[in-house]
Amino acid sequence: MSKAPFLSRAAFARVTNPLARGLLRIGLTPDAVTIIGTTASVAGALVLFPMGKLFPGACVVWFFVLFDMLDGAMARERGGGTRFGAVLDAACDRISDGAVFGGLLWWVAFGMRDRLLVVATLICLVTSQVISYIKARAEASGLRGDGGIIERPERLIIVLAGAGVSDFPFIAWPPALPVAMWLLAVTSVITCGQRLYTVWTSPGATDLLVPSAPVRDDDAQGHPRSGDPGKTQR
């Protein structure tokens, strides 16, 4: 979650907690909310953005991104989330981000036909996945890999604001999309570097890994090794 005051957990909690309790009362689970929010945001991004309907697309995606944030509040209201729920939420976030940049990439390439902007959008698409992967892989290795100037909330604000303003009814400002995409492309590359540096400077990051012993096929299948009559299949 962003450290900006208007994106703080306390600010969101004042709005999301009552909504979370209401959704739990009608029988929805946090995982169901995650799937619903992701499906709707992906549909909005992949249907509206390629058609050049950037303002409606940004509104739809933003609404369901906020809706998807309720899953965490729901999990806390019922006493905690599950490990599967955490993995599902992270996976759905990556799918949603990919759909947003993929839909915009289609419009930029085939609607606007702006080759330079295609480059910026591709950078945003790739780095949005890499930034998250660095953190996940680092934490799986017991290292730190968080931080950076651009995290997911800021990334969504920049790209959706740029898309929406560029197609805003009556007072559209078309340069808003290129400005947003290039800003995001540059800051995302910087964030990748920052996270890699954080991993590199984590305690134990440069220690040599101890290679694991190779496992023979017959061992993996539970068959006894030849010459080991005392070992039985398990």
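Glycine is treated like the rest: Cβ placed from N, Cα and C.
Here Swiss-Prot flags 28-48, 54-70, 91-110, 116-134, 155-173, 179-197 as transmembrane segment, drawing on sequence analysis. Taken from Swiss-Prot, the feature Mg(2+) 1 binding site covers ASP68, ASP71, ASP89. Among the features that Swiss-Prot reports, Mg(2+) 2 binding site is placed at ASP68, ASP89, ASP93, with the record citing similarity to another entry. Residues or ranges marked as active site, proton acceptor in Swiss-Prot (evidence: similarity to another entry): ASP93. Taken from Swiss-Prot, the feature region 'Disordered' covers 211-234. The compositional bias 'Basic and acidic residues' annotation in Swiss-Prot covers 215-228.
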Among 28-48, 54-70, 91-110, 116-134, 179-197, which stretch has the highest count of C-beta pairs below 8 Å with the transmembrane segment (155-173)? 54-70
Same-chain residues at least 6 beyond the ends of the transmembrane segment (116-134) whose Cβ lies under 8 Å from its Cβ atoms: 90, 93-94, 97-98, 101-102, 104-105, 108-109, 145, 148, 150-152, 155, 159, 177-178, 181-182, 184-185, 188-189, 191-192, 195-196, 199
Within 8 Å of the Cβ centroid of the Mg(2+) 1 site residues ASP68, ASP71, ASP89, which other residues of the same chain have their Cβ? PRO30, VAL33, THR34, GLY37, THR38, MET69, LEU70, GLY72, LEU88, CYS92, ASP93
Cα-Cα, whole number of Å: ASP71 (Mg(2+) 1 binding site) versus ASP93 (Mg(2+) 2 binding site)? 12
Reduced to three states, what secondary structure does DSSP give ASP93 (Mg(2+) 2 binding site)? helix
List every residue in the same chain as ASP93 (Mg(2+) 2 binding site), at least 6 positions away in sequence, whose Cβ is under 8 Å from its Cβ. THR38, SER132, ARG152
Highest CB neighbour count within 10 A among the binding-site residues ASP68, ASP71, ASP89? ASP71
Sort out the residues at least 6 away from either end of the transmembrane segment (91-110), same chain, that have Cβ-Cβ distances under 8 Å to it, and list them. 34-35, 37-38, 41-42, 45-52, 54, 57, 61, 65, 68, 117-118, 121-122, 124-125, 128-129, 132, 152, 155-156, 159-160, 163, 177, 181
